[in-house]
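Colleague: Mind looking over this structure? Questions follow.
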Amino acid sequence: MSQQELEDTRAHLNSGIGPSVHRLQAELTGSVELSGDADSTAKLWTKSFIILTLSYFLLFLCLQMLLSPFPAYVKEQFGSGDFVLSLVTSIFAISAIISRFATAALLRRVHRNTLLICGVAIATASTAAYSFAGSVGMLLFLRACFGVGFGMTSTVMPTLVSQIIPPRRIGEGIGYFGLSSSLAMSVGPTIGLAVIGGYGFGPLTVLGTAAAALILPLLLFTRSIPPQPAAAMAPPAAEAASAGSAADPSPAKNGRKRSGLGRKLLLPALLNTLLSLTYGGLLSFIALYGKEVHLEQIGLFFLFNAITVLVVRPISGRLFDSKGHAAVMIPGALLLIASLFILSMATSMPMLIVSALLYGLGFGAVQPTTQAWMLSETPAEQHGTANSMFYNSIDFGVAVGSMLLGVIASSTSYAVMYRYAAGVMVLFLVVYALYRITNSNNKHDLETSSGSSGAGSGVRTSDLQG
């Protein structure tokens, strides 16, 4: 055998053995990356995913069972006005926002299990103390404490889930995971209004406390928390060293990357805030609206809302993965506008049910799409930041919505207030349409520029694209 033939044989063997060895090493260390085809069929419904989704449902169930009945209880118990009633919702939301900012920063320095346990404990303890509050001030303090615990827990849990969802099924996975919170948003107020009407506020707080208290044993005893990634926590010195690595040698470059990431997340966060403005008005005042228009079973709104949320969530996730966010956002916003207009004119149960069904279709489609959109714009190591921004936009929208719509309701009526809420969704459509038009023009300008450049150099754009 000649020397050249020997070299060719050795090269051939290395080309076959090398990748296999590297693949085996990757599998043994758990760092193997799935191919596109394998990733698209990777298992979504693992034990960890199911238990985390159930735990998230319990967290939001604790919140939602009390959120809608709370303003009516405070008005009856303490005789408070609409603005003070709106504070019951907005104080919670503002404290949750502050808590999420702090939690997102702490996730890289404090073990996430510690943050999760602390968050659940604070939420559980504050819920248990509601019925012992003797004044509006004490209730507002406890609502702020609950917001801190809720903000911590609702930042850590989605971060855990985003770690175990196959990347190419992120829209579908987030859709199913988000279904837990949407379902709680729908059935929670129904349960809460029924319990407070039949048994009183004390038993309702016991039920909410039990829901929150179940989370930790469910997670810990089933060992469903995925392992902490090796690079998930880094001391400040390690972060500084990483920031100055060869991959990103310039701090200014890192700053530009973070700034670019923030700009990408800004639009979906803004749209989610506008959506949550309408939801804040629903949560805070629908029980009082039912009394205004003499609909005694107003809690059924959330029950029928839950039905369509259940139906549309999985469908919207697949639509996002295959068609993009426009296929979901535009029809979803139109459904929400129709729902809120019908609600503002509702004088009978059939009208209320139609409004609820339409709201569930729109809300259940749009909200998870904004979250999947934000996650798809961020690398895996930034999912905690994206989730924090997503949930902060919800809480900010609910806080502003409850206060702003509360002012409108106090000077007009609850019916007029819901027409203003429909106007917020019209603004949602305008903002999204402007984004689509601007984005389309930017792409056209880029393609034109590339074509002109290619023509000038004798190279076609299609050649540059391969």
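Backbone N, Cα and C define each Cβ position, glycine as well.
Look at TrEMBL and you will find 48-439 tagged as domain 'Major facilitator superfamily (MFS) profile'. TrEMBL lists 49-71, 83-102, 114-133, 139-161, 173-195, 201-221, 265-289, 295-312, 324-343, 349-368, 389-411, 417-435 with the feature transmembrane segment. Annotated region 'Disordered' per TrEMBL: 445-466, in sequence order.
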Colleague: Which residues of the chain, 6 or more past the ends of the transmembrane segment (173-195), have a CB below 8 A from one of its CBs?
Modeller: 44, 49, 52-54, 56-61, 63-69, 158, 161-162, 165-166, 203-204, 207, 279, 283, 286-287, 298-300, 302-303, 305-306, 309-310, 313-314, 316-318, 320, 360, 363-364, 367-368, 371-372, 375
Colleague: I'd like to know if the transmembrane segment (83-102) touches the transmembrane segment (114-133) in this structure, counting it as a touch only when three or more C-beta pairs sit under 8 Å and are separated by 6 or more positions.
Modeller: no
Colleague: Mind pulling out the one from 83-102, 139-161, 265-289, 295-312, 389-411 with the most Cβ pairs under 8 angstroms to the transmembrane segment (417-435)?
Modeller: 265-289
Colleague: Within the same chain, where does the transmembrane segment (49-71) have neighbours whose Cβ lies under 8 angstroms from its own Cβ atoms, ignoring anything closer than 6 residues to its ends? I mean 6 or more beyond.
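Modeller: For the transmembrane segment (49-71), the list is 85-86, 88-89, 92, 120, 123, 127, 130, 146, 150, 153-154, 157-158, 160-161, 164-165, 173, 176-177, 179-181, 183-185, 187-189, 191-193, 195-196, 201, 204-205, 207-209, 211-212, 214-215, 218-219, 222, 224-225, 283-288, 299, 302.
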Colleague: What else in the chain is close to the transmembrane segment (295-312), if you only count residues 6 or more beyond its ends and a Cβ gap under 8 Å?
Modeller: 68, 179, 182-183, 185-190, 192-194, 282, 286-287, 289, 343, 346, 348-349, 352-353, 355-361, 363-365
Colleague: When you scan the chain for residues with a C-beta under 8 Å from the transmembrane segment (349-368), skipping those not six or more beyond its ends, what do you find?
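Modeller: Those are 174-175, 178-179, 182, 186, 271-272, 275, 279, 282, 295, 297-298, 300-313, 315-317, 320, 328-329, 331-336, 338-340, 342-343, 394, in sequence order.
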Colleague: Out of 83-102, 139-161, 324-343, 389-411, what stretch is closest in contact terms to the transmembrane segment (265-289), meaning most Cβ pairs under 8 angstroms?
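Modeller: Counting Cβ pairs under 8 Å, the winner is 389-411.
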Colleague: For the transmembrane segment (389-411), what are the same-chain contacts with Cβ under 8 Å, counting residues 6+ beyond its ends?
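Modeller: That would be 81-83, 85-87, 89-90, 92-94, 96-97, 100-101, 147, 151, 154-155, 158, 265, 268-270, 272-281, 283-285, 367, 370-371, 374, 417, 420-421, 424.
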Colleague: What residues in the same chain, six or more past the boundaries of the transmembrane segment (83-102), come closer than 8 Å to it by Cβ-Cβ distance?
Modeller: 67, 70-71, 74-75, 136, 139-140, 143-152, 154-155, 280, 283-285, 388, 391-392, 395-396, 398-400, 402-403, 405-407, 410
